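Taken from TrEMBL, the feature domain 'ABC transmembrane type-1' covers A:57-263. Feature annotation from TrEMBL assigns transmembrane segment to A:7-32, A:52-83, A:95-115, A:143-165, A:186-215, A:242-264.
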Amino acid sequence: MRDILKPALLVGPLLLFLAAAYVVPFLGVLSWSFTLPEPGLHNYANALTDELILSVFLRTFRICLFVTVFAVIAAYAIALVWVRGTPAQRLAAEVCILIPFWISVLTRAFGWVALLSNRGLINTWLTQLGVISEPLTLVRNEFGVILGMTHFLVPFAVFPIASAMRSLDERVLLAARGMGASRARTFWQVFLPMTAPGVLGAAIIVFVFSLGFFITPAILGGGRSVMAAELIYLRIFQSPNWGLGAAISVLMMVVVGLLLGLLMRYARPKSMLS
Amino acid sequence: MQIAKQAAELTAQGIGRTYGDFHALDDISLTIGRGEFLTLLGPSGSGKTTFLMILAGFDRPTSGTLFKDGADVTRLPAEKRAFGMVFQGYALFPHMSVEKNIAFPLQIQGQSGTQIQSRVDDMIDRVGLRGHEKKRPADLSGGQQQRVALARALVFGPSVLLLDEPFSALDKNLRGSMQDEVRRLHQETGTTFVFVTHDQSEALALSTRVAIFNQGKLQQVASPRDIYERPANRFVAEFLGDINILPLAGAAMNGNGAVARCGEQQIRIASAAGAPTAHLAIRPEHMALSTERPAAGNVLPVTIEAVTYLGPMTRFAARVDAGPSLVLETPTHATTPNLVPGSHAWVSWKEEQGYFL
Ligand SMILES: Nc1ncnc2c1ncn2[C@@H]1O[C@H](COP(=O)(O)OP(=O)(O)O)[C@@H](O)[C@H]1O
Ligand SMILES: [Mg+2]
C-alpha cells in the first residue's frame with residue numbers, strides 16, 4: 001500500500017499542475033463552444049457546413065501531411081549521419097540539429113521571407129543569372145508554408161528516429177552482411193524495418209505538432225493559406241465569435257485524438273513504446 | 001546427410017590486431033582442419049571475439065595472413081566468404097518470422113521459392129522448431145531463439161560455421177541440451193565449426209581441439225584431454241579448473257623418471273611429466289586423502305583446513321606442513337568422517353599423475 005502511495009504523492013503536484021494548466025481551460029473552451037452566444041449546437045453546425053472553414057481544415061491536413069512526409073524523410077537522413085557517420089559527420093549533424101533550437105520561430109520565418117520573397121535573395125540571384133525573367137512565387141503560398149514548417153519540425157523528428165537507430169543491435173546488421181546481403185539490401189530489408197517504430201513516432205510528433213502551427217503559416221502564408229490555428233485566432237480575437245472559435249478548437253482536438261487512437265491501435269504500440 | 005557443400009580449412013599465419021598501442025591479438029598462428037570442431041577458450045577480453053571477427057571477415061587483422069583452403073582471404077569481405085555465423089545474443093531479425101529469418105540467406109543467394117521452402121522446412125525440422133514457424137523472435141524462449149540462429153547460419157550449407165558464446169545467456173540445463181544439439185549438427189553437416197566460449201567444461205565437452213587464449217596470445221592448441229592433462233603452461237593449467245602446484249627442490253632425472261624433494265618428503269615423477277622444473281602440478285581429483293600413511297605412491301603430511309560437502313564429491317582444503325595449501329576432491333562415499341578441520345592426514349598420488357610446469 002505504501003509502495004503505491006509514495007509515487008502518487010511525488011507525482012501529485014505535477015498532476016495538479018497539468019489539470020490546472022490544460023484540463024480546466026479545455027473544459028472552459030468546451031463549454032463556450034456549446035453556450036456562446038446562446039446555448040445549442042449551432043457552432044458545430046456552422047463549423048461543419050461553412051465552406052470557408054471546411055476548406056481551411058482540408059488545407060491544414062494537406063499541408064500537415066506534406067510537412068510530415070518531408071520532415072520525416074529529411075530527419076531520417078540526418079539521424080543516419082548523426083548516429084552512423086564518421087566523427088566529423090556526427091559533429092556536423094549535431095550542430096545542424098541543435099542550432100535551430102537557439103533561433104526563435106519568428107526569426108526563422110522572417111529568414112525564409114528574406115530568402116524567398118519576390119525581391120528576396122533567391123529571386124534576385126536567379127534574375128541576375130538570367131535563369132528567370134519574372135520572380136518566382138516562393139512565399140505567401142502553400143509552398144512557403146510547407147517549406148518553413150518542415151524546416152522548423154525536422155529537428156524534432158530527428159530524436160525519435162535517432163534513438164531507434166541507436167538502440168539497434170549492430171550485430172543484426174553484421175549478420176545480414178555476413179550472409180551476403182549488399183549494403184542496399186541490408187538497409188531496405190533490415191535497417192529500415194527495424195527503425196520503423198522510430199519513424200512512426202517521429203511522424204506522429206510532427207503531424208500533431210504541425211496541426212497547431214500558427215506563426216510560421218501566418219508569416220509565410222501571408223494570409224493566403226490560412227491554417228486552422230490562425231482561423232481560430234481570427235474567430236476569437238478579430239471577428240469576434242468565441243463560440244465558433246471554440247467549436248473549431250474542439251473539432252481539431254477530436255481529430256488529433258482519433259488519429260492517435262488509430263495509430264496506437266494499428267501501428268503496434270508495443271514496439272513504439274519499447 | 002551432409003548439407004555442407006564443402007567444409008573448409010582455415011589457416012591463420014601470424015595474425016595480429018592492434019587498437020592504438022593495445023594488442024588485442026598478438027601473432028596468432030593456427031590451422032583449423034576441414035570438418036573440425038575447434039573451440040576458442042579464454043577469459044573475457046582475451047581476444048576470442050576479435051579473432052572470430054577476423055575469421056568471419058568483419059574485421060581486418062593489422063598484421064598476418066588468413067588462408068582458406070590455401071587461398072589468401074585476408075582482405076576478402078565477409079559477404080564474399082559466406083561463412084555461417086551465430087552471434088552472441090543471436091542477432092535475429094526481430095521484424096521477421098522464424099521462417100523468414102531462416103529463409104533470408106537463401107533469398108540473398110537468389111534461390112527459387114520452392115527450393116527455399118523445402119530447405120527452410122528441412123532446417124526447421126532439424127532444429128525442432130516445427131509449430132513455431134510463424135512466430136517472431138520476441139515470442140520465443142532463449143533456447144528457441146538459439147535454434148533459429150543455428151538454423152539461419154546453417155541453412156545455406158556454409159563451409160565454416162562460427163559461433164560466438166552462443167550459450168552464455170542460457171541456464172545450465174538448457175545449455176546442456178543445446179550442447180548436444182550443436183554436436184549433432186556438427187556431425188550431420190560435416191562443416192568446420194569454430195566455437196567461442198569462456199566456459200571450460202563446455203570447451204572440453206564439445207571440441208575435437210581447444211585453442212586457449214590469454215591477453216591476445218595463443219597459449220596452447222590441443223585435444224581436450226591433452227589440454228587438461230598436459231597443459232603447456234601455468235595459465236592453461238589454472239584456467240582449466242583447480243590445480244595444486246607443489247614447489248620442488250633438487251629435481252633431477254633418475255632412471256625412467258625423475259625424483260625431487262618437497263619439504264621433507266622424497267617425490268617420484270613419471271617420465272611423461274616433461275623436463276624437470278621447480279614446480280609439480282596435480283589435479284585435485286588425482287589426489288587421495290587418508291588418516292593412515294599410505295604404503296604406495298607419493299605422500300605428503302597435511303593438516304585439514306576446511307571441508308565442503310558437494311553431494312557426490314567432498315572438497316578439502318589441506319595445508320602441507322610448512323608448505324602450500326592444496327585443494328582435493330574425493331568421492332563422498334569413500335571419505336572417512338574423522339577428516340575434520342584441524343586433523344592431521346596424508347595426501348597421496350600416483351607418480352604418473354603429476355607433471356612439471
Ligand atoms: N573496437 C575496439 N577498440 C578498442 N579495443 C577493443 C575493440 N574491440 C575489442 N577491444 C579490446 O580487445 C580485447 C579483446 O576483446 P574481445 O576479442 O572482445 O575479447 P573476448 O571476446 O575474448 O572477451 C579487449 O581488451 C577489448 O577491450
Ligand atoms: Mg567476446
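Placed from the backbone N, Cα and C atoms, the Cβ positions cover glycine too.
Curation plays no part in TrEMBL annotations; they are all automatic predictions.
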Could you pull out which residues elsewhere in the chain have a CB under 8 Å from any CB of the transmembrane segment (A:242-264), counting only those six or more residues past its ends?
26, 29-30, 32-33, 35-37, 42-44, 46-48, 53, 57, 200, 204, 207-208, 211-212, 228, 231-233, 235-236, 272
For the transmembrane segment (A:95-115), name the stretch out of A:7-32, A:52-83, A:143-165, A:186-215 with the most CB-CB pairs under 8 Å.
A:143-165
Spell out yes or no: are there three or more C-beta pairs under 8 angstroms between the transmembrane segment (A:186-215) and the transmembrane segment (A:7-32), with each pair 6 or more apart in sequence?
no
